[in-house]
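Asker: Questions regarding the structure given below will be posed in turn.
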Amino acid sequence: MNMSSVWTFFFEGLYCFLLFTFHTVKFLWHQGERDGRGKLPSINNRILTYSGVQIASLIRKKIITSEEVVRVFIARIEQVNPLLNAVVSERFEQALEEARRADELVRNSTASQLAKEKPLLGVPITTKESNSVEGQCADIGSVIHKGERSPQDSVCIRMLRSAGAIPLCVTNVPEMTMWMETSNLIHGTTNNPYDLHRTCGGSSGGEGALLGAAASVIGVGSDTCGSVRFPSAWCGVFGHKPSAEVIDIQGLVPEPAKGMAPIVCVGPMTRYSEDLSPVLRLLARDPSKLQLDTPVDISRLNIYYMDEEGASYFSCVRSDMRYSVRKVVSHLAATHGCEIQEMRPTELFADGFTFFLSTMERLGVPPTRFLFKLPPKGINPKRELFLKVAGLSYHTLAAIRMSWIDKRYRKKCYASRRRRNLDRLEELERRLNAMLGDNGVLIFPAMLSAAPFHHAPQLHPYGFLSLIAPFTVLKMPVTICPIGLNNERVPLSVAVASRRFNDRLTLAIARDLEKAFGGWRPPCPLNVYEDTESN
């Protein structure tokens, strides 16, 4: 072992020890009176409990107005954002003006005409900052881009606007959208609505936080390596990473690096499962390819499951996450008579993140350190770590960590090992395609654990990404489904995957699980007494 390797080993060991110590102290500190749970104000307006589909229907039928709905959601955002720190830029006045125009259109049109031409007319939506909204903040959490604004809407926002949706605000992301938590040096850290001391996930973390807090009903995220899936699972909402290349990603910031476009996805995040399919249909370039209107008979599906990540010695999947998977498959067997089969072996998933890194290199994606700072310099991870300790770095610890991981991999992983990783990925793809066929789904833990405390994922990034990365590089659809809360009163979720373009199967399972387990659970008291007819 040369001196460079010795120093690298020393710094990594020191880094992990300091993080472990920090996490332990933080855990103890957040007990008792400093508990971050149950801090959000109660939900006092029934409109906040409706799905996007219900809101659109009520507006078309003139039971409620778009202006009323938009005002209710603006008020809720203003209530919870001081606690969550989710919003980085708002357009409330423009949204109210657009809502008044929507109400005028309702007065001059028929409900059936609007349902066909503008199915989301008057419905407020939110989006992560990287999905450009004209005139809104576009610094993507990077000091280098501080003060930048979006010159125009991204394609996905433009399509939702065409359907009548009204953007309210853009939400926080990690630096350059590249981490599983949402924290940056410009806008700070976004908190989990169920426990303010826990992470909301990332990179679509601001969306997850607002949705979980009942401050949004439909959100737009994007996903390269879990950016929809992490916050959906940890904030207790539904999220769908669609089959790759189904939705136009033009207008995302930062623009996907060379080679990454085929695996970058825009995806819907919603509080209610019934909103996923309509939003996906509006966003898809060619909705007919997904056959979203084709009925799905769950009793005829082939159900496979795994409850761990394929670790060689012991699983890092928490017992409550494993129990969630077993509870779901037991329900499908008992209610629909599905034949349940366990996927074995699962050891290939343990190398999920190395599959991702190998694929990035094969696609010609530049090293991560160049994504945080313009070439030719890029980030020097060791130098930045010293600057961070001295309080002089312009980058987050997560950015430095990601750059270090990628740099070490590219330096240490020789061509033969990369080829072996890609061969193993191809083996996993063959196994999954043969197993799932055209009528199968795989159910597995959405994450290793329910939402951890802030910064804890830095202790074990490979583990958290092991159940995420393979489905990214294989371009498969994955739907995150909340199924309740654990003993710590934070959300539990399962993930449902299927073969590419079989999104309708995972979405059908999501709708069924919401009926069976209740879906989203409010993180605060629900004090709603007045009812409004929604049919």
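In case you wondered, yes, glycine gets a Cβ from its N, Cα and C as well.
In case it helps, TrEMBL gives these features for our protein:
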ACT_SITE  Lys128  active site, charge relay system
ACT_SITE  Ser203  active site, charge relay system
ACT_SITE  Ser227  active site, acyl-ester intermediate
DOMAIN    68-507  domain 'Amidase'
TRANSMEM  6-29  transmembrane segment
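Are these features on the surface or tucked inside, and what are their neighbours?
Answerer: Around Lys128 (active site, charge relay system), the same-chain residues six or more apart in sequence whose CB sits under 8 Å from its CB are Val170, Thr171, Asn172, Val173, Thr177, Ser203, Ser204, Gly206, Glu207, Gly219, Val220, Gly221, Ser222, listed in sequence order. When secondary structure is read from DSSP and collapsed to three states, Lys128 (active site, charge relay system) falls in the strand class.
A coil conformation is recorded for Ser203 (active site, charge relay system) in the three-state DSSP classification, outside any helix or strand.
Taking the Cβ of Ser227 (active site, acyl-ester intermediate) as centre and 10 Å as the limit, one finds 34 other Cβ atoms among all the protein chains shown.
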Asker: Given the model, what does the mean pLDDT over the domain 'Amidase' (68-507) come out as?
Answerer: 93
Asker: Which number gives the other C-beta atoms within 10 angstroms of the C-beta of Ser203 (active site, charge relay system), all protein chains shown included?
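Answerer: If we count other Cβ atoms within 10 Å of Ser203 (active site, charge relay system), we arrive at 32.
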